Amino acid sequence: MATRGGGPGPGFRHRALRGLLLLCLWLPGSRPGEPAAPSSGVDRLLQDFRRQLQRARPREELEPELLGGPREDCPGAGGTAVYRAVPDTIIRTQDSIAAGASFLRAPGSVRGWRQCVTACCSEPSCSVAVVQLPRGPSVPAPMPAPRCYLFNCTARGRSVCKFAPLRGYRTYTLSRAEDAAGIPPRPDEDKPPVSKAGKDVVLHLPTDGVVLDGRESSDDHAIVLYEWTLQQGDPSSVDMKVPQPGTLRLSRLKEGAYIFQLTVTDSVGQRSSDNVSVTVLPRPYSTGGCSSACSRYHFFCDSGCCIDIALACDGVRQCPDGSDEDFCQNLALDRKLVTHTVATSAQPGAMGLNEGEGDPKLEKSQRATTHNQPATVSHPETRIHSTQKAPESQINPVQPDSNSSGKNQEEGNYDLKSKSGQAGGEHPAPEAGAVLPLALGLAITVLLLLMVTCRLRLVKQKLKKARPITSEESDYLINGMYL
């Protein structure tokens, strides 16, 4: 493609330099014993291209061919394979194996880097040899043998190994003629990436935020782009930031449900998406010690939990639904209604009986007055007068007639019973829990008394049977023996 000035564009020059680099892989390298040939224009062009790439990309991302030295023929390969040495470089084992590379073996009988390269050249699938050099010249003689590691970095027709700079190691990359002449992989061999947005998250307010991590996404080659988008939720209720590729930090979250989508793109443009939900719940209600383990010493809330019975009716709502205080208000209202009903239905003679216990004549006069009063006495007056004590000088005893004395006496007894029953209604009946132990104790006591009585009777009978023989009985028996 040409630029506006008519000259070749940067893309054209980049493709041309790449073609020249592949062409140079076919050129035989100089022998170790031969003098170096004068550099040609192509070599100078390749060196300039190598320097430009080194300035544009960090060292750990460069291919070993661009960082290495001159190419040399593999020993015993007949010119079909060449190797290049890359000093101070080591293979990134985990990343390389994850990308498709494989570890072959570690020869233990090598005495130098040449034997390690020879072992790799003799291995048909070996493409990278890593040599661990001895630690500096300060090591006393004899020098220890270096360690050698062989890898197969070719997968799907391309090199997939990753490298990193590290002193004390040297990497040797092999290029074979059949690899250079191989057919590039077809697009259908490149599998699409697998997107993993992580597990769903549930938060409670207040919260500082959460970090979504999608770096578990994978691809058979490489993922070049991570994209996070909000699919559901109010965008103004959350702040989204990307601290590093593959992650998303959420802050200032408000109550609600959010759905985020992670889309990953591989090196050939294939995409994959995955969703993750973030649920933000409101601040949990403080139950004030409301527990699910309840006993008879607890107050049962309407919501199902319970609190200490001493905390009920203290003016503070410990139950989540406030039933501990509502119950007390209803209980106080019921007590007022019961007291009002009893006081309203009471007759004037009730207070006269309680207040005039010391005077029998007063009791009779009150009973007679009660039965002789008309039925049209108003309740307010009854309630007012029942709370006041009349002086004895104002009370006139009334003697009942002889004909109606028995009837009045029976009615008076009935009134006493009914009034005593009404007075007893104001006090709560004893609980069943107290009556049951009392009845059980009485039954056990009676049973023990019966057992003791039976035991005493048996003992008395045995004593009667075992009483000693009198002198008269003994004489009778002796005389009977001689007769």
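From the backbone N, Cα and C atoms, a Cβ is placed for every residue, glycine too.
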Do you know which of Ser40, Ser292, Ser474 is annotated phosphoserine by Swiss-Prot?
Ser474
Swiss-Prot annotation, disulfide partner of Cys306 among Cys294, Cys313:
Cys294
Determine, on the basis of Swiss-Prot, the cysteine among Cys301, Cys305, Cys454 paired with Cys319 in a disulphide.
Cys301
If you pull up Swiss-Prot, which of Cys305, Cys328 shows a disulphide to Cys313?
Cys328
Write down the Cα-Cα distance for Asn152 (N-linked glycosylation site) and Asn275 (N-linked glycosylation site), rounded and given in Å.
37
Taking the Cα of Cys306 (disulfide bond) as the centre, which of the recorded positions listed as Asn152, Cys313, Cys319, Cys328 lie within 10 Å of it?
Cys319
List of residues, in chain order, with Cβ under 8 A from that of Cys313 (disulfide bond) and at least 6 apart:
Asp324, Glu325, Phe327, Cys328, Leu331
Looking only at C-alpha atoms, tell me how far Cys294 (disulfide bond) is from Asn152 (N-linked glycosylation site), rounded to the nearest Å.
68
Long-range same-chain neighbours of Asn152 (N-linked glycosylation site), Cβ under 8 Å, sequence gap at least 6?
Ala101, Ser102, Leu104, Ser125, Cys126, Ser127, Val128
